[in-house]
Every structure is written in C-alpha cells, then in structure tokens.
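Engineer: Sending over a structure as structure tokens; questions will come in a sec.
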Amino acid sequence: MSRHGDSVHRLTGLRDAQPCWTHRPYGDTIQTAGTHGTRGLGGRRGSPRSQSVLEERDVRGGLEVPGDEMKINIRITTGAKKEMQGENLTIWTFFFLEGFSRYPKLEIVLFAFSLVMYLITLLGNSTLILVTVLESRLQTPMYLFLGNLSFMDICYTSASIPTLLVNLLSSQKTIVFSGCAVQMYLSLAMGSTECVLLAVMAYDRYVAICNSLRYPVIMNRQVCVQMAAVSWVTGCLTALLETTCALQIPLCGNLIDHFTCEILAVLKLACAHSLLMDVIMLVVSVLLLPIPMLLICISYVFILSTILRISSAEGRNKAFSTCGAHLTVVILYYGAALSMYLKPSSSSSQEVDKIISLLYGMLTPMLNPIIYSLRNKEVKDAMKKLLYRTHENL
C-alpha cells in the first residue's frame, strides 16, 4: 500500500482488529488495550470492559483509568461514541476513501485525466442543453429526453468527480458522513433514472420509425413530460430506498476501498450479512438493468425490421443515423453497468472495480453529447447557429 494507504491503516487500525473507541473532544478518540466490540453505524453491544467510562487525565502522556493504572495510546479516528441504555454505539462521522492511494505515482496523471474529462463533460452537456432549449427546431420529444439525459450526466459526474479530484491531491482522503450519504444517493438516483430514460428513448425511436404517421399524436408533449417524470421518480425513489437501507447497516470500519461512496464498497464494511439489503439490491438491479435493456432490445428488433423494409437507401441511412447515436450510448452505459452490478462479487479485484466505475462515471457522460452531436445534423446545425449568434453579439 502507498504512503497514504499506510497512514490510513495506522490511524484506523481497521484491517487487523476491531478496537473499541471512546470519544473525546474535537473528534479525537482513544483506544483501550484489549477491548473489542463497539462497532458500526447502527451500533452493537461492547464487551464488559468497554462499558466502563474512561476519565481523561493527561492527553500528552496518556490516560489513566481509575482502578487500573494502565497507559493507553491516543489514535485519531472518525468514530463518535454514544452511550444509550448501557450500550456503546460507534457512529462514523468521517470515512476514509482509499481510492488510488496504492499507486501514488499515478495520482497526478489520474488528476489531470479526470479534470480534463470532467470539464469536457460539463461543457458538452451544458452546450447540448442550451441548444435544445434555444433552438425552436429541436423542441421535439427526442431532444426533450436528450436534455434530461445531459442534465443527469452533469449531476452524476458532479456528485463524485470533484471529491475524487480533491482527494487525488490530498494526503487526507476523507469525506464526512453526510457528504457520503448525499454522494451515494445522487449517484444511485442519476444512474437509475438514466436506465429508465434510455428505455423511454428507445420507445420514442420505435414510435418515430415504426409508426411515423401517428408519432405526433402518440408522443405529444404531455406524454413526453409524463414519461420523463416517471423516469425521475422511479430513479429517485429506488435510490432513496437503497441509500436508506445501506446507511442503517452497522459498519465495522470507515476505510472505503474506493474513490467514492459507492454502495457496494460501503456494504463491504458491514459487520454482518444483511439478507434484506441483498434482496433490495437484487430486485432494484433486475428492475433497472435487465428489464429496461430487454425493452430496448425489443424496440430495436422492430426498428431494424422496419428499416430493412425501406426501399430507398437514403431513407435507410437516415433511419440508421437517427437510432445509431442512442444505440451507441445504450451499449456503453449498460455494458459498464452490467459488469459492475450483476457480476459475482469475487470475480475481479477491487482495483478492477474502481477502473470500471471510473469509466462508467466519466467516459459515458463525456461521450454522450459528442455522440449525439457528431451523428445528428440537426444538432450540428443548431450548434453552428448558436456559435454564430454568440460571435455576432460579441
């Protein structure tokens, strides 16, 4: 492990032991020799020795325990102890994010790489949203969904990448509990919403190609707004359920082997196996990954069948161009998502999971506006018009 990882390991002592922590002022805690049992986010009954109240006498030379002249070492952790009805409860107020600290020489390279990709993501998606709002020709269902997709990508990357950038340059790779909870929720909410929205966009393309004459009637603005709202509500509610349940599980440590508060990495710190959490994760993963992907595949089977019946080459090319951008985004997004959430937990190392998560969280949002703008003449024309207007105003 790198110097950062070693320092975290020395400070927390989480890997080789489960010590009992007693809170003292300013967030520092003390470790009593030979005590075990105080754990996790939800708390757990400690051993008989951990039930005693320690009295701090001299923080410079150690502590004295009444009745037992024992010196103990002071270590800084992020746990806060609360005593409730005779039980010791440790609530983690901070988490350490190990990230890529095992490879300190790569952190500067990763910082530059992540910063460039993040700025491209912000610029590309913001421009796409601006174009779809300002250009009257793009006030159609497809571009309404595309604007929502771009907004999700901005929120998704902004939930985790700024923290990653700070931690890549910092020796103290920490995040407060509330920040971790918000980060976990936003990542799950935006990712889940995007899964549903991609299926909605596939249905939109199906209606546009297979029922083109009825398309304005079927996909009117009210229906489009309702479908987008259903995507947001579904994603936000499932994310709230997962985040709430995950944060209720007692945790035996606060060293997250990831660069963000990713839910699977946090659950690896659980003191005990939670069947309820496993069931929730499985049900949500099936509802938001295989089922939308199946609907997308069915839509594209009908789309392909219709395109092949088009007699003119120009018509086929136009239809393929319309669907090609969406299909490319679907393959990139679902390929990374399926490899993360529907694989056996022991099939790859945590380092591979971090790399996949980094690509999943940065590459796809960055490529989305590029794919849609390069393969779509209407978007390119609208961008040129917007740039021309901006140049004239200057």
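Placement of Cβ uses the backbone N, Cα and C atoms for every residue, glycine included.
Nobody curates TrEMBL annotations by hand; they come from automatic prediction.
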Engineer: Among 249-269, 354-374, find the range that TrEMBL records as transmembrane segment.
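Structural biologist: Within the set 249-269, 354-374, TrEMBL attaches transmembrane segment to 354-374.
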Engineer: Are the transmembrane segment (143-165) and the transmembrane segment (279-307) close enough to be called in contact, which here means at least 3 C-beta pairs under 8 A that are separated by 6 or more residues?
Structural biologist: no
Engineer: With CB pairs under 8 Å as the measure, which of the listed stretches 108-131, 185-203, 319-342 comes out on top against the transmembrane segment (223-241)?
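Structural biologist: Going through each listed stretch, the top one turns out to be 185-203.
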Engineer: For the transmembrane segment (185-203), could you work out the same-chain residues 6 or more beyond its ends whose Cβ comes under 8 Å from its Cβ atoms?
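Structural biologist: Those are 142, 145-146, 148-149, 152-153, 155-156, 159-160, 227-228, 230-232, 234-236, 238-240, 242-243, 260-263, 284, 288-289, 292-293, 295-296, 299-300, 326, 329-330, 333-334, 337, 361, in sequence order.
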Engineer: Which residues of the chain, 6 or more past the ends of the transmembrane segment (319-342), have a CB below 8 A from one of its CBs?
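Structural biologist: Counting only partners 6 or more residues beyond its ends, the transmembrane segment (319-342) has Cβ contacts under 8 Å with 149, 191, 194-195, 198, 201-202, 205, 208-209, 264, 281, 285, 289-290, 293, 296, 300, 303, 306-307, 310, 353, 356-357, 359-360, 363-364, 367-368, 371-372, 375-376.
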